[in-house]
Amino acid sequence: MSAMTPREIVHELDQHIIGQAKAKKAVAIALRNRWRRMQLSDDLRNEVTPKNILMIGPTGVGKTEIARRLAKLANAPFIKVEATKFTEIGYVGKEVETIIRDLVDVAIKMTREQQTKKFKHRAEEAAEERILDALLPPAKDQYGESQRDDSSSTRQTFRKKLREGQLDDKEIEIDLAQAQPNVEIMAPPGMEDMTNQLQSMFQNMGGDKRTKRKLKIKEAFKLLSEEEAAKLVNPEELKEQAIFAVEQNGIVFIDEIDKICKRGDSSGPDVSREGVQRDLLPLIEGCTVSTKHGMVKTDHMLFIASGAFQMAKPSDMIPELQGRLPIRVELEALTADDFKRILTEPHASLTEQQRELLKTEQVTIEFSDDAIERIAKAAWQVNEKTENIGARRLHTVMEKLMEEISYDASEQAGTSLVVDAAYVEKHLGALVEDEDLSRYIL
């Protein structure tokens, strides 16, 4: 769990997302409150439930990007799902409970990586011994048992060479556990438990099969280290820690929630809309979900929902769901000035990406300030005239602008180019002004 302060979280998000201070502040406080809750006494901790967030804003203003960056910062089990992927229980399609099952799988993977890292040193030592045994097979005693002599000068010489990388390209034959086949079983909704039991039955049928493989020492060391680390990880402890992490620190980001809202002017039942909202209610309110790793409570998970709400309004959600998303954050539409900042300020901005990509062809490219201004203005104008797709329009405009340079770059190694306002005007001017062209090309 991340112990970053709200100010630090916002600063980190500022490296990648321009503007949207309110949304950043809301998610930063929510993330910090997860840490604060973990510092409380057990009886009080159970009483403190997270305040779920609803982010409202047009497409392309940073809602999904905030979620992606938050996942990296949180250091907690995190899953992002699209609300439109789910259908009401009893119909063909994914049920909302699969969100929690997938989140537990994420937590298992995260916890396994942490445990493997913890045992890395011991695993590498064991792998080293197995490689030395392959290089210098130990003598056997009268009962046929291997008698390893760790103090022998030959073994120590080989150990030194192995650690210095002098033997990396030498081939050896090693005994490795055979990978279990991954059996996927399709089953109707509601029968996940039976599916999981069948899957584990098929996987256990293979038993502990081993196979001999001839590999270079460098590759063998990596595979043996992984195998030894897996032996040191306790599966029961792993499940326990993963489920605790999900229950106490899990974060679920539900995107496109506006697409499952029933608009006021429509009538009749809708399998993928109101029913899905009703299925989400117990999950957000707090319930127990059965997974293949055990029972998981959702009472203290943080849910962040987001939507553009262009065709529907937040008030079109069923009242119970509105009440379970108490924190509302509105994200502002992006201006031409925001576009200008997006092109230059974030870490790995679009202009920096283009510079680095062309550098691989020994072509140096620079963007003048007036060119940046013109690109930003062009993207903003197209958004105003056609559909407003926010910052995503910049990708389209940049690709169109760089098309010619990218095509010829491999034949222009060693050259330097400056993209100025005149170049932008020449390649984008007509497209921006002609509404029909910009509708189809930009």
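Just so it is clear, glycine is given a Cβ too, placed from its N, Cα and C backbone atoms.
With Ile18, Gly60, Val61, Gly62, Lys63, Thr64, Glu65, Glu320, Arg392 listed by Swiss-Prot as binding ATP, the candidate from Asp255, Asp258, Asp436 annotated for that site turns out to be Asp255. Note: Val61 (ATP binding site) has non-local neighbours Gly19, Gln20, Leu331, Glu332, Ala333, Leu334, Gly390, Ala391, i.e. same-chain residues 6+ apart with C-beta under 8 A of its own C-beta.
Look at the binding-site residues Glu65, Glu320 and count other Cβ atoms within 10 Å of each Cβ; Glu320 has the fewest.
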